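Asker: In case it's useful when we look at the structure, here is the feature table from TrEMBL:
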SIGNAL    1-21  signal peptide
DOMAIN    246-397  domain 'GAIN-B'
TRANSMEM  400-422  transmembrane segment
DOMAIN    401-656  domain 'G-protein coupled receptors family 2 profile 2'
TRANSMEM  443-463  transmembrane segment
TRANSMEM  483-503  transmembrane segment
TRANSMEM  515-537  transmembrane segment
TRANSMEM  557-582  transmembrane segment
TRANSMEM  603-626  transmembrane segment
TRANSMEM  632-655  transmembrane segment
REGION    674-695  region 'Disordered'
Amino acid sequence: MKMKSQATMICCLMLFLSTECSHYRSKIHLKAGDKLRSPEGKPKTGRIQEKCYGPCISSSNCSQPCAKDFRGEIGFTCNQKKWQKSTETCTSLSVEKLFKDSTGASRLSVAAASIPLHILDFRAPETIESVAQGIRKNCPLDYACIIDVVKSSEMTSGNIAFIVELLQNISTDLSDDVTREKMKSYSEVANHILDTAAISNWAFIPNKNASSDFLQSVNLFARHLHIHNKSENIVNELFIQTKGFHINHNTSEKSLSFSMSTNNTTEDILGMVQIPRQELKKLWPNASRAISIAFPTLGAILREAHLQNVSLPRPVNGLVLSVILPERLQEILLTFEKINKSRNARAQCVGWHSKKRRWDEKACQMILDIKNEVKCRCNYTSTVMSFSILMSPKSMTDKVLDYITCIGLSISILSLVLCLIIEATVWSRVVVTEISYMRHVCIVNIAVSLLTANVWFIIGSNFNIKAQDYNVCVAVTFFSHFFYLSLFFWMLFKALLIIYGILVIFRRMMKSRMMVIGFAIGYGCPLIIAVTTVAITEPGNGYMRLEACWLNWDNTKALLAFAIPALVIVAVNLIVVLVVAVNTQRPSIGSSKSQDVAIIMRISKNVAILTPLLGLTWGFGIATLIEGTSLTFHIIFALLNAFQGFFILLFGTIMDHKIRDALRMRMSSLKGKSRAAENASLSPTNGSKLMNRQG
């Protein structure tokens with residue numbers, strides 16, 4: 001009877017444990033995105049309430065509890081008279097649940113009824129207080145005991161936050177000896193919350209630094225990874241891949257390539273990490289390791305810390321590539337295939353600064369940007385270990401400025417051609433004195449320089465560096481630089497002529513000497529600056545930008561060879577305009593108001609005429625260089641300089657009364673000649689000659 005009661009007790013106990021175990025499994029073995037179901041198979045409701053039911057007052061908050069099987073709550077904020085979800089902490093995971101299936105009691109089945117009672121230990125299992133303790137006890141070699149529970153959990157914001165903290169704890173407490181097996185288990189857990197289905201739920205995690213903490217934890221864990229073979233593909237999950245190889249100072253240039261999809265439907269996106277040979281020479285003879293991790297979806301998850309004057313979020317347009325290198329290596333080359341391959345999708349190479357928790361533009365420099373891919377040169381440090389490219393699509397502002405530039409250049413080129421035609425037509429009638437001769441020489445050379453510079457600018461804007469010859473692009477950059485400088489130096493010479501005309505009254509310089517000085521300043525100085533710039537910077541491939549045929553700024557600051565002379569000349573010419581304005585004023589004693597108005601009008605006219613001819617409109621370029629400058633300054637700068645050719649035609653040629661008089665005289669003489677020809681053809685003498693020929 002006693003034996004029967006013992007058997008009955010054991011059977012009841014086993015049945016209870018089996019039922020509890022199966023009930024637990026029914027809760028955790030769910031596909032991503034599935035709703036919890038009751039034993040009858042009906043979906044459980046109430047896990048996430050769509051809204052609050054109280055009155056929605058602007059900026060007010062409310063919260064709703066999670067479902068019975070979840071801990072936490074869902075927060076809502078009233079926005080435009082509608083409740084919108086702002087935070088969610090619903091989680092079904094806990095340290096206890098992670099290791100519940102690993103305890104001896106939960107592993108028992110009905111078959112255990114045959115086990116003698118004295119062998120069974122009915123004492124309560126040891127309480128597991130931390131992740132590290134649970135892993136050390138149950139799966140210290142591969143961390144595999146936590147995978148099933150994590151992968152079967154729903155991807156709620158609360159569960160994602162729990163898994164991020166789980167990975168942080170592993171990286172902090174269990175990363176002393178990371179093997180291939182541990183890295184694979186760690187990556188399987190990370191892969192679960194990197195799934196495209198989880199991306200939207202990251203936004204509702206109350207801790208806004210969760211994504212940055214996650215990336216830092218992965219990098220920290222991978223830093224302690226041991227590599228046994230020369231080259232290894234360590235992890236090959238859908239949303240995280242890890243590769244590594246051994247390197248030393250004798251290793252030739254090494255690279256790691258990745259091919260991953262951002263979701264299940266799109267084509268794979270490529271990424272590559274290269275370590276240049278000159279960097280590998282810095283290593284010691286003994287072997288070191290290089291590890292790289294690729295994330296196709298992390299770019300959409302990473303949340304930047306707020307930064308003034310930077311609009312967030314800034315979309316990532318490629319893989320996120322993390323790199324773990326020896327401390328002596330500092331420079332790497334990275335190639336990213338663009339996700340968005342649109343022509344307007346301009347790229348910016350960046351590195352993730354783990355302390356500032358944002359993308360850092362200073363960490364990388366762009367080497368190449370074509371339609372499909374971007375190549376970056378980046379500096380690797382302990383705080384910047386992850387890299388990618390940001391998409392900077394052309395905004396409406398860029399398009400407006402492009403349209404202004406395109407239309408303005410077209411009108412300017414036509415205006416400059418017309419200006420040169422007019423100057424050629426009236427030349428003999430307007431160059432009667434040395435000063436007038438040199439004035440028109442200046443206008444002609446200003447027009448020729450600007451016209452030629454605009455043509456080279458158009459050629460450079462449409463030049464594809466990748467598809468066409470590099471040396472041709474160098475030539476385009478040189479001639480653009482030279483003719484834009486010539487424009488400014490001829491404007492400087494014109495300003496000096498104006499000062500000469502005002503200050504020197506009785507003594508005049510010979511025309512030939514003035515011509516020599518004019519051409520020495522107008523073409524000689526620009527030639528010296530342009531040749532010196534290309535001679536100094538081109539041997540190191542630092543003369544021009546690699547993404548455009550124009551002077552380099554990032555590496556050699558070659559652009560200063562244009563900016564400094566141009567801004568100095570603008571400043572000098574501004575002083576000349578002020579001198580002209582003061583000289584024009586000179587009011588007489590007892591002058592009337594009408595005379596004062598006439599003086600003001602004369603000053604305004606002189607300033608209006610001299611401003612485009614002396615290049616003062618380029619002064620607005622200083623304002624556009626300042627960060628956060630209003631769009632108005634950019635539009636004004638684009639309008640004034642794109643239409644500079646038209647202004648030269650208007651103020652330098654058409655508004656000159658001597659040129660207008662010469663044009664009228666030219667037109668009158670042409671009309672007189674045409675009438676004389678008509679009269680001659682209709683005269684009786686010609687008529688008799690014609691009759692004689694016919695006879």
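Heads up, the Cβ atoms here are built off N, Cα and C, so glycines get one too.
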Asker: With Cβ-Cβ distances below 8 Å as the criterion, list the same-chain residues six or more beyond the ends of the transmembrane segment (443-463) that contact it, or say none.
Answerer: 409, 412-413, 416-417, 419-420, 423, 472-473, 476-477, 479-480, 483-484, 486-487, 490-491, 494, 518, 522, 548-550, 613, 644-645, 648, 652-653
Asker: With a Cβ cut-off under 8 Å, give me the same-chain residues at least six positions beyond the ends of the transmembrane segment (483-503) that come close to it.
Answerer: 435, 438-439, 442-443, 445-446, 449-450, 452-453, 456, 509, 517-518, 521-523, 525-526, 529-530, 562, 565-566, 569-570, 572-573, 576, 579-580, 583, 610, 613-615, 618
Asker: Can you say which of 515-537, 557-582, 632-655 has the most Cβ pairs under 8 Å with the transmembrane segment (400-422)?
Answerer: 632-655
Asker: By a Cβ-Cβ criterion of under 8 Å, what residues six or more beyond either terminus of the transmembrane segment (557-582) are in contact with it?
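Answerer: That would be 481, 484-485, 488-489, 491-492, 495-496, 498-499, 502, 525, 529-530, 532-533, 537, 542-544, 550-551, 603, 606-607, 610-611, 614-616, 618-619, 622.
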Asker: Across the domain 'G-protein coupled receptors family 2 profile 2' (401-656), what does the mean pLDDT come to, as a whole number?
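Answerer: It averages 82.
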